[in-house]
Amino acid sequence: MMSSRTDTDGSSIRFSDHTLDKATKAKVTLENYYSNLVTQYGERKQRLAKLEAQLKDESLTESQRQEKRLQHAQKETEYLRLKRLRLGVEDFEALKVIGRGAFGEVRLVQKKDTGHVYAMKVLRKADMLEKEQVAHVRAERDVLVEADHQWVVKMYYSFQDQVNLYLIMEFLPGGDMMTLLMKKDTLSEEGTQFYISETALAIDSIHKLGFIHRDIKPDNLLLDARGHLKLSDFGLCTGLKKSHRTDFYRDLSQAKPSDFIGTCASPMDSKRRAESWKRNRRALAYSTVGTPDYIAPEVFLQTGYGPACDWWSLGVIMYEMLMGYPPFCSDNPQDTYRKVMNWRETLIFPPEIPISEEAKETIIKFCCEADRRLGSQRGLEDLKSVPFFRGVDWEHIRERPAAIPVEVRSIDDTSNFDEFPDVSLEIPSAPIPQGGEIAKDWVFINYTYKRFEVRNLE
């Protein structure tokens, strides 16, 4: 196929699509190369400034300070050497499949040269292109690079081959909140307070970085070996970058209110709703459609939304922890969507499951208009004065015992994850297209990453 471009003198110049694709790839490659140089220089300056600040706080002699500076310089040299090493799937041994999502799988793997255990997320490039997931993949990788703190699952490496994208992340053996809720049915108010507080701290931390998660749900709340929580799955996260924009919710938001009239499922008591929810929950987690149960109404409307949408999701999770099912659950996504959009009438608290007025009021403050929503004005500070969170040690909560202890027998214990006996351990692959590369492969340029701290693990 041929495409035309207009020259400066007004004449039309015709180029083949192949030529235009090559030109685009060259442009993106050069832009990323120089952007990386600037970023790396800035990161080195930040690490050096952090070291100098630490040296000022320590009572050291000048010779001791100089020794630490030399050690730091050596670490920087080792990191540059590590970055030049090409990492591939052959450097890891697959131990077990521990997760399946709509667009990929997660494996427990062991790095062959060090023996360290990681979680490897594998995404097929062809699927990402076909299902318009490139922006989501880019967003997840970029957020995991930037969000380097205790409330977000740590990514150590990202790399690619001609078929797949790979994210190498820390393995959190406690499983996820969805699995915990399916085991426990409901949590006590004390346990709910603990997990909602930790999730609030995690949400607040990414908001301070300028990101909105948009997909806060139990599946994406992972538990470490001590039972403390970390946020994961940033595929729908949005920030300030154009590459993170998405039309993910376009289909549902274009539906007319009349499309949902008369489709509401027949009323069920709370016990039947909980049983129905548990029966279908796992399948929803693995489907490409997913569930709209945790999505704020303003996200569906696409009239503009901000960080407040994550606080709505937190309120829905809090309701589920106490009731055994989310407030808007239905037999199908259309009914759920209708209930979310009509939350003033559908957010109800069944009398057969008694909860405190403080808990009820907190949920209502989360699940309300965006501009009045708890967390929408001052973030975490809004929560600290709420009676339900009375007694929470916000500064040291992660140092305290978790509400529900996690039993971990070894570094590769997967007992808190689902079993996938029918899934091969072999990394999924596909025939490489003629010519040796996937069309539009340039969209994955600059995906490769190695974290500075990883040199301590080598």
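The backbone N, Cα and C atoms fix where each Cβ goes, glycine too.
Taking the Cβ of ASP215 (active site, proton acceptor) as centre and 10 Å as the limit, one finds 23 other Cβ atoms among all the protein chains shown. In the three-state DSSP assignment, the secondary structure recorded for ASP215 (active site, proton acceptor) is coil. According to Swiss-Prot, the active site, proton acceptor annotation covers ASP215, on the basis of sequence analysis.
Around the Cβ of ILE98 (ATP binding site), 21 further Cβ atoms fall within 10 Å across all displayed protein chains. Positions annotated as ATP binding site by Swiss-Prot, on the basis of sequence analysis: ILE98, GLY99, ARG100, GLY101, ALA102, PHE103, GLY104, GLU105, VAL106, LYS121.
When pLDDT values are averaged over the domain 'Protein kinase' (92-389), the model yields 84. For 92-389, the entry in Swiss-Prot reads domain 'Protein kinase', with the evidence type sequence analysis.
Residues annotated as domain 'AGC-kinase C-terminal' in Swiss-Prot, with sequence analysis given as evidence: 390-458.
Residues or ranges marked as phosphoserine by Swiss-Prot on the basis of similarity to another entry: SER287.
Look at THR448 (phosphothreonine): DSSP puts it in coil. Per Swiss-Prot, phosphothreonine is recorded for THR448.
Per Swiss-Prot, the feature region 'Interaction with mats and Mob1' maps to 118-179.
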What number of additional C-beta atoms lies within 10 angstroms of the C-beta atom of VAL106 (ATP binding site)?
22
How far is it from ILE98 (ATP binding site) to THR448 (phosphothreonine), counting Cα to Cα, in Å?
23
If you measure from the Cα of THR448 (phosphothreonine), which of the recorded positions ARG100, GLY104, ASP215 is the nearest?
GLY104
With Cβ-Cβ distance below 8 Å and at least 6 positions apart along the chain, what are the contacts of GLY104 (ATP binding site)? List them in sequence order.
LYS121, VAL122, LEU123, ARG124, ASP127
